[in-house]
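J.: Let me begin by handing over the structure; questions about it come next.
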Amino acid sequence: MDMYTPFLLLFLLLTFSAALVSSNFYSDFDITWGDDRAKILDNGQQLQLTLDRTSGCGIQSKQEYLFAKIDMQIKLIPGNSAGTVTTYYLSSQGPKHDEIDFEFLGNLSGDPYIMHTNVFAQGLGNREQQFYLWFDPTLDFHTYSVLWTSNQIIFSVDGTPVRVFKNRETELGNVDTNYHYPKNQAMRIYSTLWNADDWATRGGLVKTDWTKAPFVASFRNFNAATSSSSDSAAEEALDSNQEQRLQWVRKNYMIYNYCADTKRFPQGLPPECK
Ligand SMILES: *[C@@H]1O[C@H](CO)[C@@H](O)[C@H](O)[C@H]1NC(C)=O
């Protein structure tokens with residue numbers, strides 16, 4: 001510890017202090033569609049999203065965040081969940097919106113879920129990366145986190161980073177209009193469950209099996225720590241162990257990376273891929 005370390009720790013504690021307030025789905029979220037298909041249980045400690053033949057459902061956070069660390073524990077739909085999509089994402093509003101996405105594409109019993117991630121900035125997306133998970137996400141709750149600072153977005157699963165999206169605006173933003181980093185628009189947190197059997201299952205190959213409905217995804221231990229200023233607490237660089245875990249996931253579990261999809265971008269890959 002050098003003499004500045006205690007100050008740095010205090011600074012981090014203050015900037016992420018909202019983490020200390022325990023969360024409650026009643027006080028933190030509104031049910032926005034699907035009526036009672038979204039259910040808050042256990043005095044606000046749990047949330048269940050349900051999908052039936054008529055509708056899915058969704059919630060959104062009451063608060064908006066401009067930079068935050070968000071954790072959510074999710075237990076995905078067990079059994080045959082093919083055709084369903086469970087989402088958990090941050091988004092601002094308007095045509096030039098920013099967005100940070102986790103989406104979970106269901107599958108037939110025994111086949112792996114696909115965890116889909118994406119980033120939108122200024123209305124521009126096309127930054128998909130997809131992963132299999134190294135565990136069965138339907139057996140128990142697992143923690144899916146987004147650490148969003150002015151410098152980078154880190155997606156993690158149970159503390160293991162799976163994706164780092166860096167702010168490279170100073171380097172690329174002025175020369176290439178295809179690159180932006182989300183840093184000016186506050187976002188709300190959303191979670192939805194819906195039927196997407198027209199695209200989610202290899203282009204509609206597998207249809208949702210409605211005899212298995214209602215489909216239920218469960219959420220708990222939501223935590224949002226706001227950071228009060230844009231350049232605070234940001235530098236959260238990965239330590240060498242986290243860096244190793246990140247490489248392990250990307251080597252063994254990443255199944256799609258837009259930066260490797262040269263067919264999709266015949267005019268050249270997005271600038272940050274180089
Ligand atoms: C389901 O599992 C199969 C077999 O492992 C895989 O090829 C497919 O991409 C998975 N995902 C979806 C959404 O169908």
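Just so it is clear, glycine is given a Cβ too, placed from its N, Cα and C backbone atoms.
Note that the structure is predicted; figures quoted are calculated from it, not measured.
The following feature annotations were taken from TrEMBL:
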ACT_SITE  Glu99  active site, nucleophile
ACT_SITE  Glu103  active site, proton donor
DOMAIN    14-219  domain 'GH16'
CARBOHYD  Asn107  N-linked glycosylation site
J.: Might you list, by sequence position, any residue in that chain lying six or more from Glu103 (active site, proton donor) with a Cβ less than 8 Å away from its Cβ?
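T.: Sequence-distant Cβ neighbours: Val85, Thr86, Thr87, Tyr88, Tyr89, Met115, His116, Thr117, Asn118.
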J.: If you check the recorded positions Glu99, Glu103, Asn107 one by one, which have a CB less than 6 Å away from any atom of ligand 1?
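T.: Passing the 6 Å Cβ check against ligand 1: Asn107.
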J.: According to DSSP, which kind of secondary structure is Asn107 (N-linked glycosylation site) found in, if we only use helix, strand and coil?
T.: coil
J.: So for Asn107 (N-linked glycosylation site), how many other CB atoms are inside 10 Å of its CB?
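T.: By my count, 23.
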J.: Tell me, how many other CB atoms lie within 10 A of the CB of the residue listed as 'active site, nucleophile', whichever protein chain they belong to?
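T.: I count 19 other Cβ atoms within 10 Å of it.
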J.: Rounded to an integer, what is the Cα-Cα distance in Å between the residue listed as 'active site, nucleophile' and Asn107 (N-linked glycosylation site)?
T.: 25
